[in-house]
Amino acid sequence: MWLKLFLLLLYFIVLFMLARIFEAVVWYETGMFATQLVDPFTLSYKKLKTILECRGLGYSGLAEKRDVSELVEKSGDLTHGELYSAIKKEKEHEEAGDSSTTHFSGEMHFYELVEDTKDGIWLVQVIAQDREALLSNFNWGKMVQKVSQFGIRTGTFNCSNDRRSCIRRGWQRSTLIMSVPQTSASKGKVMLKEYNGRRIETEHIFRWMTSHVAHRIKMLHQPKQLVKEWRPDPTHPIKMFLFAHLSQPPAFFSSLSVKFTGRIEFIFVDIRYWDNQSSLSEIGITQSPAYILKMPEGIYRYGNSTGEFLSLAAMDTFLRSVQPEVNDLFVLSLVLINLLAWMDLFITQGATVKRFVVLIRTLGTYNSILLVSWLPVLALLQLSYLDTLYGYSLKLLRYADTTTLASLVRADWTFYSSHPALFLSTYLAHGLLVDYFEKKRRCGNRGQEDSSTNLEWLASLWDWYTSYLLHPIASLQHIPSDHSDWEDDPNFLFERLAFPDLWLRPLVNIDYIKALPTWRFIVVGQQQDSDSSGSHSDTGSTDSPPAGPSRPLHRNRRHKKSLCTQDSDTQLCANTKMDSTYCCQHRNNNSSAEGIPEGASLPCEVESSQQHCDRSAWPCDVLQCSECVVCLENFVSEELLMALPCGHAFHQQCIVVWLAGGRHCCPVCRWPSYKKKHRCD
């Protein structure tokens with residue numbers, strides 16, 4: 001998890017540096033920065049119209065280029081970045097056409113999207129039954145392109161689909177309907193307005209729309225009104241002011257007032273007929289037009305930093321960062337958590353199918369955790385006594401978002417969101433580099449190298465799934481078993497499905513294995529004759545050769561194992577569920593073949609005549625013995641031993657395999673290996 005966070009942070013740093021490199025390249029080729037101002041009088045008439053359409057100002061009555069240039073200058077300063085963005089968006093809207101238009105199927109569809117939404121502006125073309133539309137397909141396409149860049153959604157309602165609804169609403173002829181929220185409260189009342197103009201032109205229709213949207217904004221025409229509105233207001237602590245020599249605010253400014261209803265109050269100050277400018281100087285306004293964000297922490301002049309263009313998208317990003325809502329934070333966390341999850345595609349090594357399976361699992365896990373984590377957050381935000389904490393959090397956020405670094409981050413966000421191909425290609429390149437270095441690191445560590453193919457990994461995944469179905473305890477390990485129980489007999493699968501033990505077996509966490517006592521078997525010396533230290537009696541064990549300086553202190557391992565250890569030391573005992581008596585019987589028979597009389601019991605304290613073990617290393621509650629009943633081998637010096645709570649000792653590797661295979665009991669006494677055994681003194 002921390003590795004993914006580090007890699008994602010590194011990726012964001014790379015994006016930040018790459019954006020600065022792009023700025024340096026543009027400056028080297030053109031000698032201009034994106035924040036550098038452009039003189040509107042030097043631009044062509046076509047570019048000036050593009051800027052006015054992007055800002056949402058009408059120019060139908062302006063035939064001269066000089067008048068159009070003055071209108072651009074009155075609405076705000078123009079930068080190279082805004083000019084480039086406006087031209088790019090114009091091309092995108094021309095390619096998109098009217099594909100974003102909604103076709104309403106009836107009354108309920110119209111009500112759900114237009115009247116019940118209450119947080120947006122709609123322009124709907126109503127086509128009366130057996131009549132032509134008010135706007136032709138070409139003019140309607142131009143209208144859709146013009147209004148969609150201001151967040152205004154469009155649709156068509158054909159009365160042939162729902163004649164009763166058109167009669168009830170009075171739509172007897174083809175017309176245009178506009179819906180605008182009327183109140184400043186969130187989810188306020190929606191009013192439908194019908195276009196009654198005589199001139200059916202896109203420019204006149206757009207001017208009719210902007211005039212109605214502008215009524216939502218508070219208009220100030222006198223200095224006294226400004227002084228009153230400039231005072232601190234607890235009900236509206238955040239206010240956005242526009243000081244300009246215009247009759248009405250630009251369309252992008254009016255549209256933002258609908259999107260930020262209840263969060264930010266928008267105020268337009270018309271200073272065309274102000275003779276005394278002293279009231280403006282007193283509040284710090286030295287030039288116009290000016291876009292001023294008034295906060296309890298102070299005022300912020302919008303447009304002086306990088307990426308702060310006079311467009312809907314740029315100002316929307318700025319205001320969302322200053323005064324976000326819960327949905328904005330949720331979307332941001334959703335984007336970050338999915339970028340974090342996609343890192344698994346490159347960190348995971350091995351087959352391609354394995355990468356995508358791990359990716360799907362990670363995406364599901366991370367998104368589920370995100371959704372569950374947001375539930376208590378939403379519940380806490382409803383508590384009234386946390387309003388103070390919420391206010392201080394927003395205050396710190398506003399301090400951070402009005403810095404130069406924050407403006408650069410917002411500019412990069414706007415740039416990469418408008419160039420998704422560049423964003424995806426850089427993410428892919430970063431992931432491939434991560435995959436390369438991860439592969440190099442694992443090649444250096446042979447134990448972590450995974451060279452399995454797609455088919456091999458799918459086979460292991462199937463083994464893991466079937467192991468989970470048949471052995472739920474063993475499936476807690478994320479490593480599929482190499483020897484399945486049904487490999488010898490295909491009918492074993494169906495037998496286990498019908499066996500009740502499949503559901504009655506308890507699920508036990510295997511972490512308890514790490515807490516079992518473990519020690520090393522140590523040989524401290526040899527058993528020697530009291531009369532001669534250099535020779536041994538001839539009556540010693542018939543199986544063991546004399547020990548000498550050139551012989552090891554322990555006996556050689558058997559070359560032929562007993563019935564319990566044929567094919568697999570642990571699987572056969574588990575499959576047939578042999579008890580300790582059967583295994584001990586074979587162990588005694590083997591011992592009798594080595595010189596111990598048949599029928600005599602083999603005590604655990606019997607040791608090899610060639611060695612003495614250090615009993616001080618044994619835990620106090622463990623029974624002392626010299627042989628592992630799982631593999632039927634004697635303990636050898638320096639071998640790791642492990643004991644169960646019942647007191648029986650075994651080879652560590654043997655008993656771990658036994659327990660991990662789902663047999664959570666002692667091989668000798670069947671005491672549960674995860675349950676502590678109390679002994680009576």
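Placement of Cβ uses the backbone N, Cα and C atoms for every residue, glycine included.
TrEMBL entries are annotated by machine, without manual review.
Feature annotations, reproduced from TrEMBL:
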type	residues	note
COMPBIAS	530-544	compositional bias 'Low complexity'
COMPBIAS	552-562	compositional bias 'Basic residues'
DOMAIN	628-670	domain 'RING-type'
REGION	530-563	region 'Disordered'
TRANSMEM	329-348	transmembrane segment
TRANSMEM	369-393	transmembrane segment
TRANSMEM	413-437	transmembrane segment
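In the domain 'RING-type' (628-670), helix, strand and coil residues by DSSP number 9 helix, 11 strand, 23 coil. Only residues 6 or more beyond the boundaries of the transmembrane segment (413-437), in the same chain, are considered here, and those with a CB under 8 A from a CB of the stretch are 7, 10-11, 14-15, 18-19, 85, 88, 307, 313-314, 317, 339, 342-343, 345-347, 349. For the domain 'RING-type' (628-670), the model's average pLDDT works out to 88.
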